[in-house]
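Presented below is the structure to which this report refers.
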Amino acid sequence: MGEGLCPRLSSSWKNMEKGLNDAVSKTKVGKYFKLDARKSTFTKELRAGTATFLTMAYIITVNATILADSGGTCSVADCSAPVNQTAGPDCMLQPNEGYQSCLDKTKSDLIVATVLSAMIGSFAMGILANLPFGLAPGMGPNAFVAYNMVGFHGSGHISYKTAMAIVLVEGCAFFIVSALGLREKFARIVPKPIRLACAAGIGLFIAFVGLQVHQGVGLVGPDQSTLVTVTACSSTNPVTGECISGKMRSPTFWLGSVGLLITCYGLMKEIKGSMIYGILFVTLTSWIRGTAVTYFPQTLLGDNNYKYFKKVVDFHKIQSTAGAISFTSFNTSGTWLAFLTLFYVDMLGTTGILYTMAEIGGFVNEKGNFEGQYMAFLVDAGSTIVGSTLGVTTTATYVESSAGIREGGRTGLTAVTVGLCFLVSLFFTPLLTSVPPWAIGPSLVMVGVMMMKVVKDIDWENIKEAVPAFITMLLMPLTYSIANGIVGGIGMYIALSLYDYIVRLMAWLIKMRGMVVEERNQVSATAGADLAIEVI
């Protein structure tokens, strides 16, 4: 009897699923999303959307953590000061209870802003473009804004509000070039080796961030002699991050390493959501109080964080980052240079990923176009505009959308499902804000690993391509600047191309000289013939 029960249940479930899929495909929703035309079903789209969300949900805490490193709208005024004294500017770069409290609130704001922008972008992609792509603030632009433009805790030359204004203007520019159909042409201006190296260089940069003390697992730290060195120390200088004692004895580093291994094993076995599982293991372990790896130490700040964490469910209202936009510094050359760099980096990234996802899904035709292409470009441009007003960076299609496509996602219902999952996560802000940096670090390293795949497409046998590509990748992490890498790579490519340009110019001049000489000879011959006729 028991042997026949499972087959009957399985058959019954399959019949119910088939009935549901047939019913939905005949409704207005099914016809709008073209379920039958694209040979998909309602339940298959739901599974695909869930798979996509699981693989990209890490961005909720990762993006907020990176952008919070910029300090957001926090300033010296938020610092705690000794009695009858005024806090100095260095309070933002040193442990300070008041400033840290402001950062915690900013991180909560950025988590909600990340979720909202991802939710809106995914809904729009599904409903308007009818494509199975999930959207969220992109990795790369967030690191560029946090560490190159605004700087760690506001130590850069551009304020957070000005940076968000730049992202807003960038989104508007995206929208215009997308509406005019110029986006792909703009993306092809930069030489191919530089375009490929940009992705790899940004990956190295992000991985470097994930290995540092303040933002990641703490394996890499500063050194007076060698600039950087291995740390993971049991005790570090809270101001400089230099090792005081116990190299490679940091409990949080070893816990983060276990999380990295879990993620790697999951990806090796192609388990969906592997990035999340690594983060979950480290985070859950770090939530246990009274341990060497706890995220809630027995301090005033730790106690306050723990009280908020215990709420579990809470809808956090954005207080500081929404509408934090200022155009007052747009009269400086540094602002416009930052805009051009961010604009082009994002142009390359968002356009390239969108086409890659379309190719994986089999949507691209023989002409290189795909259904919904025009609207898809408008959607991610519009999502960037929305995200900037909430306080986050460029919103774009995610590579992790390939997980849903592999699950059979072929319509916008996949993207709508992703948006619904992000909507649910809005109500768990206390849990999302309690993810420690040593849980985020391994995921940043894995993002770097995934972004390195493009280097195989660089022609390393061709020095003219290899050197500029290598310079681009090398300068990004070593100078802590994505912009420096791009400028250095383009400059080297132009320098190596001068020889070809000079050879072509010389060949053209020789050709023109030959044409001039030939023209003179013809004129002389004609004049001689005319003179001979006159004599006769």
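One-based numbering along the chain as shown.
Backbone N, Cα and C atoms are what each Cβ position is placed from, and that goes for glycine too.
Taken from TrEMBL, the feature transmembrane segment applies to 110-131, 158-182, 194-213, 251-268, 275-296, 336-357, 412-432, 492-510.
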Practice item. Could you pull out which residues elsewhere in the chain have a CB under 8 Å from any CB of the transmembrane segment (492-510), counting only those six or more residues past its ends? Key: 191, 193-194, 463-464, 467-468, 471
Review point. When only pairs 6 or more apart in sequence are counted, do the transmembrane segment (275-296) and the transmembrane segment (251-268) reach 3 or more Cβ pairs under 8 Å?
Key: yes
Practice item. Output the single range from 110-131, 158-182, 194-213, 251-268, 336-357 maximising the number of Cβ pairs under 8 Å to the transmembrane segment (412-432). Key: 110-131
Point to revise | Among 110-131, 158-182, 251-268, 336-357, stretch most in contact with the transmembrane segment (194-213) (C-beta, under 8 angstroms) | key: 336-357
Exercise for review: Answer yes if the transmembrane segment (336-357) and the transmembrane segment (110-131) have at least three CB pairs under 8 Å among residue pairs 6 or more apart in sequence, and no otherwise.
Suggested key: no
Review point. Who are the long-range neighbours of the transmembrane segment (158-182) in its own chain, taking Cβ under 8 Å and residues 6 or more past its ends?
Key: 70-73, 141, 145, 149-150, 321, 324-330, 334-335, 338-339, 342-343, 346-347, 350, 374, 377-378, 380-385, 387-389, 391, 393-394
